[in-house]
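Down below is the structure, laid out as C-alpha cells.
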C-alpha cells in the first residue's frame, strides 16, 4: 500500500511520482466533501494551522484556509501588514515565536526562493509551501495535474504547452516537475528575456522560440501571468506587443488540438496573456482549477500531518 | 489451506446468510419503502451490493445502494505512521428521512460503526439507522449492536476474521485466522 512519508511539502521536485499519485487520489476522493451540505470532516480536529503569507494572495490563502477548516483544523492567518516582519523581525525569529504557540502545520508564502527549507530547519511542525519566490508552488502544480487528469483520465503522453514568463514563474517550475514526472511532454514558450538559462535542467522539456511551435497540436495550454511586480520594466516593450506574440486568442488556439484545455493559475491580465474570449470560452478550465485547489490542499494537509521524513 | 486457518462460511453459506438477512430487513421495514443500503468500504460495500440484488429478487423492487469510506472519521488516525489512503464515498441520493441499513462485513470493536454513523449524519438526517453484518465476532468497545447478523462467531481478540472476495468483488468465504 502506498504511504506518504513526508513531513513537509516544499517542492514537487522532492516528491516521487508515487507520492504525487497518492496526493491526487486522496484529493479526488475528498472532493465529495466539498459538494455536500455539511462540508466538514473531523479528521484534523485539534490541529492548528498557521497561514503565514509574506506576499499578497487571495486565491491560495483562501483555498488553504477553506481546506483546513473543512478538515476541522483551527486556522490563524498572518499577512504582511499585520506581521512583525514590518518591524524588522527575521524569518527565523518569527518561526521560533510561532512554534512556541504549538502549531501543527505552517503554510507559508514568501518572496525568497528556498525560504521554506530555511523555515523547515528551524521548526518541528510541518511546513507547506504556498509559493516561494520564483522557485515552486506545489499546490498549484498538483491542482493542475488533477484538473488535466480529470479531463483526459491520464497524464502520460499528453502535450502540454506552458507559455509566458517562465523565469519568474514558480507555477511553471512546479508544473514542469509534476508533468514530466507523470510522463507528459512539456513545451515551453516565451520571450527570450523571460526564458531562464539552462531551463532544460528542470526536466525533460522542449524550449520553443515561437508560441506557435509550443501550442501546435497541444492537448493542454497553460498560460502564465505576466508578473509586472517582479519584472522591472525592461523585459518587454509593452503589453500590446507581448499580447501579439505570446497572447492566447481564439485564432491561435485553433492550432492546438480540437477541444484542447486552456488553463491559467490566476490572477489573469485579460487582454494581455489571454483574450477575454478565451478566458470565458468553453475550453477554459480556470474555475475548475480553483475548485480542485481546495481538494488538493485538503489532501496535502491530511498527508503531511502523518509524515515523518524531513 | 494452512493449519491456522478455519473456514467459517463457504460461498453458499454466505449466500444463505445474506438471503436470510434480506428477508429480515424486509420484515422489519415492512417492504422497501424508504429503505436504502449503505456499505462501509471496502468489504461492506461489496456485501451491500449483494444484499440489494437479493432484496430485488425477493421483492421485485430496486433499492438504492451507496458506499461510505470512514477513513476521515477514524479515531485511531494517530496510531498509524502515515495517513491511510482515503477511499471514495458515493451516496447518490439524499438520506433525509430514509431508513438506512448500514452494512459491514465483520463487526468487532464497534469503532468503525461509530465512525460510519458520524459520517452518515454529515450527509443528512435519516429516519433511523439499522446495522447489518455478515459476522459478529464480539469484543465490543462501544455500546453498539447489530440488527441483522449472518453468523455470531466467538473469537479471541488475537484471532482475525476475514471475508475473502473474488476479483469481481463476490464474497467467496469467511476465514478465521488463529
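Just so it is clear, glycine is given a Cβ too, placed from its N, Cα and C backbone atoms.
Please treat TrEMBL annotations as automatic predictions, because they have not gone through curation.
Features of the protein shown, as given by TrEMBL:
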type: BINDING; residues: A:59, A:60, A:109, A:137, A:140, A:266, A:267; note: carbamoyl phosphate binding site
type: BINDING; residues: A:87, A:170, A:225; note: L-aspartate binding site
type: DOMAIN; residues: A:7-149; note: domain 'Aspartate/ornithine carbamoyltransferase carbamoyl-P binding'
type: DOMAIN; residues: A:156-303; note: domain 'Aspartate/ornithine carbamoyltransferase Asp/Orn-binding'
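Structural mapping of features recorded in TrEMBL.
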{"residue": "A:59", "record": "carbamoyl phosphate binding site", "Cβ within 10 Å": "14"}
{"residue": "A:60", "record": "carbamoyl phosphate binding site", "Cβ within 10 Å": "24"}
{"residue": "A:87", "record": "L-aspartate binding site", "Cβ within 10 Å": "6"}
{"residue": "A:109", "record": "carbamoyl phosphate binding site", "Cβ within 10 Å": "25"}
{"residue": "A:137", "record": "carbamoyl phosphate binding site", "Cβ within 10 Å": "26"}
{"residue": "A:140", "record": "carbamoyl phosphate binding site", "Cβ within 10 Å": "27"}
{"residue": "A:170", "record": "L-aspartate binding site", "Cβ within 10 Å": "23"}
{"residue": "A:225", "record": "L-aspartate binding site", "Cβ within 10 Å": "19"}
{"residue": "A:266", "record": "carbamoyl phosphate binding site", "Cβ within 10 Å": "16"}
{"residue": "A:267", "record": "carbamoyl phosphate binding site", "Cβ within 10 Å": "10"}
Candidate nearest residue A:170 (L-aspartate binding site) in space, where candidates are the binding-site residues A:59, A:109, A:137, A:140, A:267 and distance is Cα-Cα: A:137
DSSP helix/strand/coil residue counts for the domain 'Aspartate/ornithine carbamoyltransferase Asp/Orn-binding' (A:156-303): 62 helix, 25 strand, 61 coil
Rounded Cα-Cα span from residue A:266 (carbamoyl phosphate binding site) to residue A:225 (L-aspartate binding site), Å: 7
Max CA-CA distance, Å, over listed L-aspartate-binding residues A:87, A:170, A:225: 31
Mapped DSSP class for residue A:137 (carbamoyl phosphate binding site), helix or strand or coil: coil
Inter-residue Cα distance where the pair is residue A:87 (L-aspartate binding site) and residue A:60 (carbamoyl phosphate binding site), in Å: 25
Alpha-carbon spacing, residue A:266 (carbamoyl phosphate binding site) to residue A:87 (L-aspartate binding site), which is rounded to whole Å: 31
Cβ-centroid neighbours of carbamoyl phosphate site A:59, A:60, A:109, A:137, A:140, A:266, A:267, 8 Å, sequence order: A:57, A:63, A:130, A:131, A:171, A:265
Counts by DSSP class (helix H/G/I, strand E/B, coil) across the domain 'Aspartate/ornithine carbamoyltransferase carbamoyl-P binding' (A:7-149): 69 helix, 26 strand, 48 coil
